[in-house]
Every structure is written in structure tokens, then in C-alpha cells.
Amino acid sequence: MSRVAIVTGASSGNGLAIATRFLARGDRVAALDLSAETLEETARTHWHAYADKVLRVRADVADEGDVNAAIAATMEQFGAIDVLVNNAGITGNSEAGVLHTTPVEQFDKVMAVNVRGIFLGCRAVLPHMLLQGAGVIVNIASVASLVAFPGRSAYTTSKGAVLQLTKSVAVDYAGSGIRCNAVCPGMIETPMTQWRLDQPELRDQVLARIPQKEIGTAAQVADAVMFLAGEDATYVNGAALVMDGAYTAI
């Protein structure tokens with residue numbers, strides 16, 4: 001059955017893989033991204049075969065007005081919202097360091113995108129899902145939701161909050177036919193991580209900490225999302241699907 005999915009941060013990396021996977025199975029997608037130009041380029045290079053099934057919406061996920069307008073546009077275009085994938089996120093300044101050297105502005109920015117953005121997305125779609133009596137929300141968290149990343153206090157804090165928000169939504173709406181789960185990826189090769197993985201020494205350092213000795217792919221993240229959004233996961237609710245090559249198992 002064809003569904004309507006909203007994917008934030010849809011123009012590259014994990015978001016692109018997720019949105020494309022929905023489209024490939026015949027679903028309609030509202031693709032949200034901060035840059036209208038990047039969305040247009042992505043549509044031209046990756047989604048030309050699905051032109052009638054994609055709604056491109058420029059939106060800042062941390063802006064309530066943008067998010068509400070994007071949800072309204074999706075309802076107007078497609079008439080339903082079956083799945084929300086809160087994928088948009090930022091890591092923050094890699095030089096921010098430990099907590100006492102992290103600028104307040106940097107902390108606020110990371111929390112605004114990574115936590116407020118998911119809160120606003122959930123808040124905007126839930127009334128529609130309640131009316132439908134069904135819906136699925138998948139939040140892209142991180143292994144940093146489970147273990148602290150050294151020198152990344154803002155990012156680690158934000159991803160911990162994402163996991164707790166996921167559980168809160170699951171508990172509050174489980175009786176209404178709505179499921180909410182999180183995907184917790186480890187190191188995934190995307191444009192966001194490419195600067196590190198392109199440096200052989202840093203790549204080796206990353207691989208040394210992963211028992212499986214592999215870097216994950218955006219396609220694998222999309223696999224996890226499709227499982228949680230699908231009929232094989234109807235009793236999975238409030239869960240964290242960890243995909244990290246056993247990184248957090250040691």
C-alpha cells in the first residue's frame with residue numbers, strides 16, 4: 001500500500017537514502033531541507049523518475065512556522081501523513097571541545113536543530129495521525145544517545161534527548177495506533193563524516209573502535225528506517241534500533 005512519508009534533511013546523506021527508498025517502493029514523499037537550491041539539485045539528479053510523487057519543501061526544522069507550513073503543504077498535496085522521519089541534524093563545531101569550552105551559542109544551535117526540530121515535527125504531525133488513527137514516527141538518533149562522545153557535550157546531550165523524546169511519544173500515543181522509534185547509527189559514511197573518513201589515519205582510528213571493522217552506509221540506515229516504518233515492526237514501539245557494528249557492545 002502506498003504511503004505518505006515526510007523526511008527531513010532529505011537532500012543528502014541518510015535523508016537522501018531514506019527518501020529515495022520510500023519513493024522506490026511507490027510511496028509519496030514530502031522532502032524537507034534547509035536549502036531550496038540543494039533540494040532542487042537533488043530532485044534533478046536523484047528523483048527525476050518520481051517527479052509526481054515528491055513535494056519539495058524548504059524548511060528550517062527548528063522554526064515552528066516553517067515546520068507547520070511544511071506539514072500543511074504535505075496535507076494539501078497528499079491528504080495524509082503516514083510516516084515522519086526526523087532525520088535532520090547537526091554535529092556542531094568539532095572544535096567546541098568539552099563542556100566548559102563549549103560556547104553557549106553552539107550548544108543552543110545543536111539543541112535547536114537536533115531536539116527542538118524533532119519536537120516540532122512530532123508536534124505538528126501528531127494531530128493528523130490521531131485523526132487517522134495510525135502513524136509511524138522514526139527519529140534518527142545516534143550511538144551518542146547511549147554512550148558519550150568525548151569532546152562533544154552538546155551533540156551527546158542532544159542525542160540523549162532524542163531517545164527520551166522517542167520513548168515519551170511512544171508511551172503517550174501507543175493506544176492511538178501511533179508508533180515512535182529511533183535509529184541509533186554509529187559511524188556512517190555520508191557527506192557529514194566524509195572529512196574525517198577521507199583521512200587515512202582518522203579512518204583507521206574509527207575502524208579500530210568498531211569490532212565489525214566496517215563503516216556503515218546511508219543505505220543501511222534506510223534499511224533500518226524501512227523496517228521500523230513497515231508492517232514487520234507493528235509491535236516495535238519506543239525502541240532504539242542500534243546499528244553500529246558492535247561499537248556499543250564493548
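Cβ coordinates are placed from backbone N, Cα and C, and glycine is handled just like the others.
DSSP gives Tyr155 (active site, proton acceptor) a helix state. Residues or ranges marked as active site, proton acceptor in Swiss-Prot: Tyr155.
Around Ser12 (NAD(+) binding site), the same-chain residues at least 6 positions away in sequence with a Cβ under 8 Å from its Cβ are Thr38, Thr42, Thr190, Pro191. The annotation NAD(+) binding site is assigned in Swiss-Prot to Ser12, Gly13, Asn14, Asp33, Asp60, Val61, Asn87, Ile188, Glu189, Thr190, Pro191, Met192 on the grounds of experimental evidence.
In this structure, Arg196 (2-oxopropyl-coenzyme M binding site) is part of a helix by DSSP. The Cβ of Arg196 (2-oxopropyl-coenzyme M binding site) has Leu202, Arg203, Val206 as same-chain neighbours under 8 Å, each 6 or more residues away in sequence. As annotated by Swiss-Prot, 2-oxopropyl-coenzyme M binding site applies to Arg152, Trp195, Arg196.
What Swiss-Prot records for Ser142 is site 'Transition state stabilizer'. Classification of Ser142 (site 'Transition state stabilizer') by DSSP places it in coil, neither helical nor stranded.
Annotation comment: Swiss-Prot describes Lys159 as site 'Lowers pKa of active site Tyr'. Around the Cβ of Lys159 (site 'Lowers pKa of active site Tyr'), the same chain contributes Asn114, Ala141, Ser142, Ala144, Ser145, each under 8 angstroms and 6 or more positions distant in sequence.
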Residue among binding-site residues Asn14, Asp60, Asn87, Trp195 with Cα closest to the Cα of Tyr155 (active site, proton acceptor): Asn87
Rounded Cα separation (Å) that holds between Asn14 (NAD(+) binding site) and Arg152 (2-oxopropyl-coenzyme M binding site): 21
Rounded distance in angstrom between the Cα atoms of Asp60 (NAD(+) binding site) and Arg152 (2-oxopropyl-coenzyme M binding site): 23
Chain-internal residues near Trp195 (2-oxopropyl-coenzyme M binding site), provided their CB is under 8 angstroms and they sit 6+ positions away: none
Asn87 (NAD(+) binding site) to Arg152 (2-oxopropyl-coenzyme M binding site) - Cα separation in whole Å: 19
